[in-house]
């Protein structure tokens, strides 16, 4: 089957992957309401296109934390890429570099910092889970710095892993041929098969549930890398993030894998953007499947977006080439949306280009 849009990679990956692996990547928490809502909320935002604009030249480039990239579409952190494809995160890194964009390596990667760095040049961020053993955290940060990673992405919505029923049913555990490569040589135990989700049990033993805003200050004492905080959904937390000196905010609900019945990120975005008042860039992940989604996020104030599941699904289907094609599809669709909306640069994408449900509600309440 010829794949003509990003969502089709999911069905194709389901055909190729073991059920336990596919379900791990695809599922959300509890009733999976937020998982569905992450997509459906985009469908409720409509366009207000402008016509008769010269769109013969369109510039998609942008700058993120001082790094110029080819488009405002980046790769979110996702765990254990070698479950999807033998080349794992190395293939993902090469695809991101070829696309001229940023890859975020997960703490729970199956390729190490050093292996990813050795794939060649590229702008890479490191997603950090803060573990109970702070010496291990400091080691991971130092290794990221030495491997020329450019920023830390602190995942802040995971003091405990969300309840993912598919992982419980499947007794999810990392396949025996694979290891969490960044933990190799560290005394952090192994992910064992349990009567529950193996990863939830392992995570509960390792993650520091006491993590709080003061730990951002601690991270700033051990690294000069800029810190993005990932998992912000409210204006209150956006303000606290600014007060604690973060370099950027990622509006994220962890791909609907943590707390179910939180809003879609595209719904939460404007509240966060307004609270930040332009002091730091705000990004969005969770639910991006179309170039139109990217445009909508930028129109509502995001500086860029991160894609998660499409990376592992396209990797599963066709390795590095699959990830390259997936990123090219999003790029082409985004460029088309810009052209048909009358925008020739990211600066020209404004709030006036979209209508949200709250806009419609305000309009009808005035009648």
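Including glycine, each Cβ sits where the backbone N, Cα and C put it.
Per TrEMBL, the features are as follows:
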{"type": "DOMAIN", "residues": "1-359", "note": "domain 'FMN hydroxy acid dehydrogenase'"}
{"type": "BINDING", "residues": "24, 129, 164, 254, 257", "note": "glyoxylate binding site"}
{"type": "BINDING", "residues": "77-79, 106, 127, 155, 230, 252, 285-289, 308-309", "note": "FMN binding site"}
{"type": "ACT_SITE", "residues": "254", "note": "active site, proton acceptor"}
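Confidence across the domain 'FMN hydroxy acid dehydrogenase' (1-359), taken as the mean pLDDT and rounded to a whole number, stands at 94. Sequence-distant neighbours of residue 285 (FMN binding site) (same chain, 6+ apart, CB under 8 A from its CB) are 76, 230, 250, 251, 252, 255, 265, 305, 306, 307, 308.
Of all the binding-site residues given, namely 24, 129, the one with the smallest number of surrounding CB atoms inside 10 A is 129. Around the Cβ of residue 257 (glyoxylate binding site), the same chain contributes 27, 28, 29, 162, 164, each under 8 angstroms and 6 or more positions distant in sequence.
Between the CA atoms of residue 309 (FMN binding site) and residue 129 (glyoxylate binding site) there is a gap of 19 Å.
When the binding-site residues 77, 79, 127 are compared by Cα distance to residue 254 (glyoxylate binding site), the shortest distance belongs to 77. Other Cβ atoms within 10 Å of the Cβ of residue 309 (FMN binding site) number 22 in total over all chains.
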